[in-house]
Structures are given as C-alpha cells and as structure tokens.
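Structure first, then comments.
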C-alpha cells in the first residue's frame with residue numbers, strides 16, 4: 001500500500017494499525033549531532049494520547065515511544081531514526097459486529113473496494129491512531145526547528161460546532177497565552193469558551209452523537225524563501241500535509257475562504273520599510289514564505305462512530321441499520337492540536353533543508 005511517506009529531504013514513513021501489535025515510523029534526513037531522547041518526544045504524545053480526558057475516547061494507551069535507531073550517545077547520527085509505540089488497550093471484540101458491514105462515513109467501504117480486504121478492528125490503517133507516529137516525528141522536527149532556527153509551531157482549538165472562541169483573544173499572536181492553551185483540556189486560548197465547550201461535549205456524549213471542529217496552526221519566525229514553485233509551493237505542501245490528517249475536510253491558509261468577499265485594496269498585504277501592514281496571505285506569497293507568521297486553519301468533520309442508528313449495507317449489499325459500538329471521541333478535533341503542529345513542522349523542516357541545499 002503506497003502513500004505512507006511524506007517529505008523529500010526530511011522524510012517520514014509511518015506503519016501500523018489501530019489494533020495491531022505496534023505503531024512505528026522511520027525518519028530519514030534529520031541532520032546529525034542533535035541531542036535527542038524519548039523525553040523530547042513524549043510530551044507531545046501525551047497531549048495526543050487517548051484516555052486522558054473525559055472529553056475524548058476512553059481507550060487508554062500509554063503511547064510510550066521507544067527510539068530503535070539513529071541515536072548514539074544521546075545524539076542523532078544522521079542515519080534513519082526508527083521509532084515504535086506498542087498498542088496495549090485494544091478491544092477488538094467491540095468491532096466484531098461490523099466485520100461484514102460498512103460504517104457510514106468511514107473508510108470501510110473504500111478500503112474494501114480498493115484492496116478487497118480490510119482490517120475492521122478500529123479502522124485498521126485508516127484509524128486516527130496512526131497519527132501517534134506523526135506526532136512523534138513532528139516532535140523531533142519541532143525540536144530541530146526551534147533549536148536551529150528559533151521557529152515555533154503551535155496550534156489551538158478555535159471552534160466546536162457553532163461555538164467559537166472570541167477572536168479578540170487571538171488577534172495579536174504575541175498576546176496568545178500558550179501556557180493556558182496547553183493546560184486546558186480543549187487546547188483553547190479563550191477561557192470564556194472552555195465551559196461552553198465542556199457543556200457541549202457533555203450533551204453530545206449523552207446523545208451518543210458527535211460534532212466537528214476548527215483548529216488554527218501558527219508557525220512563527222519562519223525565514224523568507226521556503227517553498228519550491230510551482231508544484232511544491234509551501235502552501236500547497238502544507239495543505240497536502242494537513243489534509244492527510246484523518247477527518248480533515250478543509251484547509252485555509254491566511255484568510256482562506258474569506259478572501260472571496262474582500263477587495264484587492266483590503267486583501268493585499270501592504271509593505272513599509274518597517275515591514276508588512278497586515279497578514280491576509282498567512283505568511284506565504286507566490287508559494288514562498290514571506291517571513292511573516294504562517295497561519296493555517298483546518299476543519300474536522302464530526303466522527304461517524306456514534307451511537308445514533310444509521311443506514312448502511314453489508315458485504316452482500318443488503319440494507320442494515322447500524323449503531324457503532326466501541327470507544328470514540330465525541331469531537332476528534334480536540335486531540336488533533338499536536339497532530340496539526342506535527343504536520344506543519346514536518347513540512348517546514350523538509351523545506352528548510354531543501355532551501356539550504358538549493359540556496360545555501
């Protein structure tokens with residue numbers, strides 16, 4: 001099965017399934033002599049892992065990462081870095097009732113049609129559990145970006161359902177309280193929105209339903225010049241990486257779809273000797289980073305694994321009514337914050353290495 005790798009010079013390949021023995025990844029291209037241990041990776045995995053909040057799935061996984069290769073005497077060697085996380089809390093019996101049926105809104109049908117076989121246990125390879133290894137690789141990329149270039153990649157939850165954060169609390173990036181973002185269960189920068197999110201998730205769990213979400217990712221201190229026009233534009237690669245995350249249905253760079261109602265006189269980011277006057281473009285012009293903060297917004301669909309009965313068909317194309325059992329997130333966007341950060345960091349590091357190779 002192709003499509004398991006991302007990047008050219010900094011390349012990440014993941015493997016493993018939701019209910020398999022383990023998840024893993026191979027990282028190629030990280031420069032040598034960077035100090036690295038499991039302790040550098042684990043904090044981001046802890047932000048993503050299940051079973052740590054009443055707002056997310058009840059599946060409990062330690063998500064303890066182990067470095068298998070590419071590190072000697074506490075430093076990267078420049079060779080392939082192998083990482084692995086063992087699965088411990090699989091409950092495959094929850095999925096026996098769907099082994100011959102297709103869950104509406106899931107990848108069951110398309111995987112079966114494409115490959116003629118599928119791992120029905122928790123979605124197999126299509127499960128969001130696969131993203132644990134992206135987060136692990138992204139933590140390494142974030143460390144290198146921060147130490148070598150001062151680049152910070154951070155994200156926050158901006159909306160669940162119809163409930164949005166107060167836009168004034170993020171209008172000035174420099175004033176975002178990132179400590180608060182990382183210390184509340186919703187990764188939300190707006191303290192007034194947290195209790196509203198709490199009430200919404202409680203209601204969804206009682207109803208057995210789910211809701212979509214919107215996240216914002218911000219990369220600061222990105223140098224000018226990253227991006228390879230025309231087909232490897234930085235914004236194109238970021239969109240590709242973010243769209244590859246499970247349940248993501250839309251990506252916006254900068255003002256995104258709001259540009260439709262803007263005039264050119266409003267949208268253009270005017271320049272002065274002291275810098276740009278605005279950042280409607282989201283830090284990317286002509287597919288190349290402008291030196292401004294890179295801003296992306298991503299939309300997550302509501303998960304289809306819900307207790308509300310739905311119509312579907314079985315392997316024999318017979319009509320059925322299905323209720324999805326198991327342990328699932330009422331809003332997958334909550335745990336997606338470190339995943340989004342990871343994908344942006346992976347793309348930025350790849351483009352930084354490509355920039356250095358081409359332009360010195």
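Here, residue 1 is simply the first one shown, and the rest follow in order.
Note: Cβ is positioned from N, Cα and C throughout, glycine not excepted.
The NADP(+) binding site annotation in Swiss-Prot covers 48, 54 and rests on sequence analysis. The FMN binding site feature in Swiss-Prot is assigned to 125, 126, 127, 246, 247, 286, 301, 302, 303, 304, 305, 327; the stated evidence is sequence analysis.
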For this session: Determine, to the nearest whole angstrom, how far the Cα atom of residue 301 (FMN binding site) is from the Cα atom of residue 48 (NADP(+) binding site).
Result: 18
Exercise. How many Å lie between the Cα of residue 303 (FMN binding site) and the Cα of residue 48 (NADP(+) binding site)?
Worked result: 17
Exercise. Looking only at 48, 301, which of these binding-site residues has the biggest number of Cβ atoms within 10 Å around its Cβ?
Worked result: 48
Seminar exercise, completed: Here the 10 Å Cβ neighbour count for residue 303 (FMN binding site) comes out at 23
For this session: Give the number of CB atoms, excluding that of residue 305 (FMN binding site) itself, located within 10 Å of its CB.
Result: 21
Seminar exercise, completed: In the three-state DSSP scheme, residue 303 (FMN binding site) belongs to coil
Seminar exercise, completed: residue 247 (FMN binding site) has its Cβ surrounded, within 10 angstroms, by a count of other Cβ atoms equal to 20
For this session: Pop the Cα-Cα gap between residue 48 (NADP(+) binding site) and residue 125 (FMN binding site) into the table, whole Å please.
Result: 18
Exercise. Taking the Cβ of residue 127 (FMN binding site) as reference, which residues of that chain separated by at least 6 in sequence fall under 8 Å from it?
Worked result: 17, 18, 246
Problem set entry | Other C-beta atoms that fall within 10 angstroms of the C-beta of residue 125 (FMN binding site) | 19
